[in-house]
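Features reported for this protein in TrEMBL:
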DOMAIN    21-454  domain 'Major facilitator superfamily (MFS) profile'
TRANSMEM  21-42  transmembrane segment
TRANSMEM  62-80  transmembrane segment
TRANSMEM  92-111  transmembrane segment
TRANSMEM  117-138  transmembrane segment
TRANSMEM  150-172  transmembrane segment
TRANSMEM  178-203  transmembrane segment
TRANSMEM  298-318  transmembrane segment
TRANSMEM  325-346  transmembrane segment
TRANSMEM  366-388  transmembrane segment
TRANSMEM  400-416  transmembrane segment
TRANSMEM  428-450  transmembrane segment
Amino acid sequence: MTQKSEEIKTLKRWRVVLSQVLACLALDFLLIGLGMSISFVTMVLPEVLDAKEGLSINKKQASWFGSMAFLCQPLGSIFSGPLLDYFGRRKALFLVNIPHLIAWLLMYYAWNVPSLFVGNALLGIGIGIMEAPSVTYVGEVTDPSLRGCLTTLTNGFTSAGMFVAYLLGTVLPWRQAALVSLTVPLATMALVLLVPETPIWLLSKGRQKEALRSLCRLRGWAKPEEVKKEFEQLLQYNEMIKQCVICVKEGNNESIACRSRWVMAYFLFHTLSGLHPVRPNMVNFCKALGMKYDSKTVVVLVGAVFIVMNLVSAVIVKTTGKRKLVIGSLLATAFCSLSISLYASNNTPSGVFSYEPSTFPEPKETLPVFLFMALVCFTSLGIPWILLSEVFPFRSRGTATGLAAALNYVIVFAATKTNYNLEASFHISGAFAIYAILTFVGTVYLYFFLPETENKTLAEIVGVL
């Protein structure tokens with residue numbers, strides 16, 4: 001092959017990458033907003049817990065406030081599937097921002113405790129509605145060689161949203177931070193107007209010419225003859241899914257419930273691995289461990305570490321594959337939770353309770369900072385949402401993804417709500433010992449049952465799982 005032809009091939013490849021990155025831009029902003037919504041309560045909670053001025057909540061209310069968004073997320077997730085299938089991926093990416101527009105305004109104007117709770121509940125509903133469009137869109141517009149990297153990279157934008165929320169909480173009062181957050185859904189809605197619909201959805205509606213134009217745009221503004229082979233494969237895939245809602249290969253009668261079993265198991269063990277249960281109360285949790293540095297600074301660092309490690313996972317997933325990344329990160333997380341349990345058992349007084357500021361020890365210890373940041377590092381390498389974007393066939397993908405997301409948020413709600421009870425009954429050391437044991441069990445389970453999906457087309461994944 002001549003040097004000129006090599007240059008042309010390289011140029012076309014860069015155009016393919018650029019076209020798909022730009023297509024995911026609106027989704028990336030959506031995920032920044034999602035990350036901000038998930039993490040905003042972390043910065044509000046320490047400001048309103050037993051506050052002497054303005055809105056104030058007690059520790060019982062705090063445990064509900066911290067988990068309220070997760071309790072309401074399943075409601076949004078249930079509606080996200082039908083919304084996704086009826087309006088299409090592109091319009092869904094636009095519409096899902098509306099609950100957050102209302103929620104941020106309500107959080108800014110919150111005049112009493114019930115209005116504060118309603119605002120947080122709307123954030124949760126909005127997060128739930130966002131999940132199916134966000135995990136589905138990127139999976140359907142990317143080609144197999146880029147899907148692993150770009151889907152994993154979406155975690156980085158969610159983490160960027162978390163970081164922004166933590167940073168806003170340190171430099172602005174929480175009401176002003178809520179008002180600034182309003183700009184993200186507005187920007188997302190503007191960017192959605194510039195992205196294409198996914199080819200497979202257009203084909204499912206019988207709009208072949210539009211599907212071909214969309215595929216050409218997503219493959220580097222290619223000519224129709226240059227994407228002929230891939231388009232024919234999509235046509236074939238579309239015909240097969242018309243014949244069976246769930247299966248692609250003849251004789252594959254695995255149900256959606258069976259297909260999603262190992263994904264939901266991963267969600268369960270990933271959520272219970274230690275970080276997620278304490279996240280709403282993370283500022284106070286850092287104080288309870290006696291961390292030497294300012295707890296809000298530590299939380300901002302957590303957001304930064306999430307971004308870095310998500311980028312790392314996006315880079316290494318191509319080499320390691322998703323299976324090794326999942327199992328390795330989960331095992332390391334189990335050891336981190338065990339280390340925090342042992343530290344708390346030997347160094348944190350039994351009377352310390354992270355929901356009771358009056359019990360916090362003097363902030364002078366450096367070791368718990370390193371242990372906690374290690375937990376953050378390995379937790380952020382996890383990719384449960386990425387797996388969820390791949391496992392369902394097209395015709396059931398929207399509804400199945402929404403239901404799976406709803407079940408996940410039930411798990412997250414249970415984890416965050418029961419953290420209060422576990423810590424009250426067994427101290428920080430006992431709670432993290434439980435998290436460590438569950439995570440070790442999850443690692444063993446996934447080692448035996450989790451298949452590899454990296455470098456496979458969506459049709460291949462659905463056919464072989």
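Just so you know, glycine gets a Cβ as well, placed from its N, Cα and C.
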Quiz item: Does the transmembrane segment (150-172) reach the transmembrane segment (298-318), going by 3 or more CB pairs under 8 Å (6 or more apart in sequence)?
Solution: yes
Quiz prompt | Within-chain partners of the transmembrane segment (428-450) [C-beta distance under 8 Å, separation at least 6 from its ends] | solution = 262, 265-266, 268-270, 272-274, 277, 285, 288-289, 323, 326-327, 330-331, 333-335, 337-338, 340-345, 348, 352, 354, 419, 422
Self-check item: Cβ-Cβ under 8 Å with the transmembrane segment (62-80): same-chain residues at least 6 beyond its ends
Solution: 37-38, 41, 44-45, 48-49, 92, 96, 99, 116-117, 120-133, 280-281, 355, 398, 401-403, 405-410, 412-413, 416-417, 419-420
Exercise. Could you give the residue numbers and ranges of same-chain residues that sit at least 6 residues beyond the transmembrane segment (366-388) on either side and whose C-beta is under 8 angstroms from one of its C-beta atoms?
Key: 131, 134-135, 148, 151-152, 154-155, 159, 263, 266-267, 270, 273-276, 286, 289-293, 298, 301-302, 305-306, 309-310, 312-313, 317, 322, 325-326, 328-330, 332-333, 336-337, 339-340, 343, 347, 401, 404-405, 408, 453
Quiz item: Any chance the transmembrane segment (21-42) and the transmembrane segment (325-346) have 3 or more Cβ pairs under 8 A, given the pairs are 6 or more apart in sequence?
Solution: no
Quiz item: Which whole number is the mean pLDDT over the domain 'Major facilitator superfamily (MFS) profile' (21-454)?
Solution: 83
Exercise. Find the member of 117-138, 298-318, 325-346 that has more C-beta pairs under 8 Å to the transmembrane segment (178-203) than any other listed stretch.
Key: 117-138
Quiz item: Which residues of the same chain, at least 6 past either end of the transmembrane segment (117-138), have a Cβ under 8 Å from a Cβ in it?
Solution: 24, 27, 30-31, 33-34, 37-38, 40-41, 64-65, 68-81, 83-84, 89-90, 92-93, 96-100, 102-104, 106-107, 110, 147, 150-151, 154, 178, 198, 385-386, 388-389, 397-398, 401-402, 405-406, 409
